[in-house]
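Undergrad: First the structure, then my questions, so here it is.
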Amino acid sequence: MMRIIFATGNQNKVRECHEILDSVADEIISMKDAGLDPDIAEDGDTFEKNAMIKAEAVHKLAPDDLVIADDSGLCIDALNGEPGVYSARYMGKDTSYDIKNANILERLEGVPKEKRTARFVCAMAAILPDGSSFTKTGVMEGYIGDHAEGQNGFGYDPIFFVEPQNHSTASLSPDEKNAISHRGKAMRAMAEELKKRLDK
Ligand code: IMP
């Protein structure tokens, strides 16, 4: 068994990852808990490239550990895939999501439901101690509602609606969201691949 370092500062992601990767590793810790604070230039033009950039930055500092990283965002078809890889930086990284979400609803005013299709995408990258690496991507399909709703989740959840509920992912319980989410799917696919590669 080995240690996994998750190249993230987000404790929620580390906790979610525990539930899915417990059978693969003895210990799963964030890069901060591993005492690592690399300079990461997230300048890739795909989720996969950005996830691998984060994983590589940590792998350089901790080559004996299994390093994982993720990158995710919201792609809206009627906005040519925006905000995409710029999801966290859309309208400035310190702008509140109330403002970002209101802006997106305004940009989509008058667009009919069938043209409001969107998806959350999450790429997970892994680098093993032998230097081999791979990425796995998970997608959650949905559409942008005509209003914001729900108190759970974070970020763009209040305006991202899923079928068949026709409610936003901010209206789902954390367990309901994990079962269908881009991040849950990418993490489960990564866990399967790691089990194969580590012969578990
Ligand atoms: P990162 O992957 O932590 O860099 O985050 C990318 C950004 O995408 C987040 O800051 C959110 O704006 C957005 N995002 C990614 N996943 C979700 C989600 O599950 N719900 C809402 N927003 C999300």
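Numbering starts at 1 and runs along the chain as displayed.
Just so it is clear, glycine is given a Cβ too, placed from its N, Cα and C backbone atoms.
Curation plays no part in TrEMBL annotations; they are all automatic predictions.
Straight from TrEMBL, here's the annotation block:
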type	residues	note
ACT_SITE	D71	active site, proton acceptor
BINDING	T8, G9, N10, Q11, N12, K13, S72, F154, G155, Y156, D157, K177, H182, R183	substrate binding site
BINDING	D71	Mg(2+) binding site
Undergrad: What's the most sparsely packed of the binding-site residues N12, S72, counting other C-beta atoms within 10 A?
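TA: Taking N12, S72 as the binding-site residues, the minimal 10 Å Cβ count falls on N12.
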Undergrad: Between the recorded positions D71, D157, where is the Cβ count within 10 Å the lowest?
TA: D157
Undergrad: Quick one: of T8, N10, which of the binding-site residues has the smallest count of other CB atoms within 10 A?
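TA: Output over binding-site residues T8, N10: least Cβ neighbours within 10 Å is N10.
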Undergrad: I need the CA-to-CA distance for T8 (substrate binding site) versus D71 (active site, proton acceptor), whole Å please.
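TA: Answer for this pair: 10 Å between alpha carbons.
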Undergrad: For the recorded positions T8, D71, G155, D157, which residues place their CB under 6 A from an atom of ligand 1?
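TA: Among the recorded positions listed, those whose Cβ sits under 6 Å from ligand 1 are D71, G155, D157.
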Undergrad: What's the CA-CA gap between D71 (active site, proton acceptor) and H182 (substrate binding site) in angstrom, rounded?
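TA: Counting only the Cα atoms, the answer is 11 Å.
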Undergrad: Does DSSP give N10 (substrate binding site) helix, strand or coil?
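TA: Once the DSSP labels are grouped into three classes, N10 (substrate binding site) ends up as coil.
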Undergrad: Using only the Cα atoms of T8, G9, N10, Q11, N12, K13, S72, F154, G155, Y156, D157, K177, H182, R183, which the record gives as binding substrate, return the largest interatomic distance in Å, rounded to a whole number.
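TA: Farthest Cα pair among residues binding substrate: 21 Å.
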Undergrad: Using a 10 angstroms cut-off on Cβ to Cβ distances, just flag whichever of G155, H182 is the loneliest among these binding-site residues.
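TA: Comparing Cβ neighbours within 10 Å for the binding-site residues G155, H182, G155 has the fewest.
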Undergrad: When DSSP states are folded down to helix, strand and coil, where does G155 (substrate binding site) land?
TA: coil
Undergrad: Could you check what DSSP calls H182 (substrate binding site) once collapsed to helix, strand or coil?
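TA: In three-state terms, H182 (substrate binding site) counts as helix.
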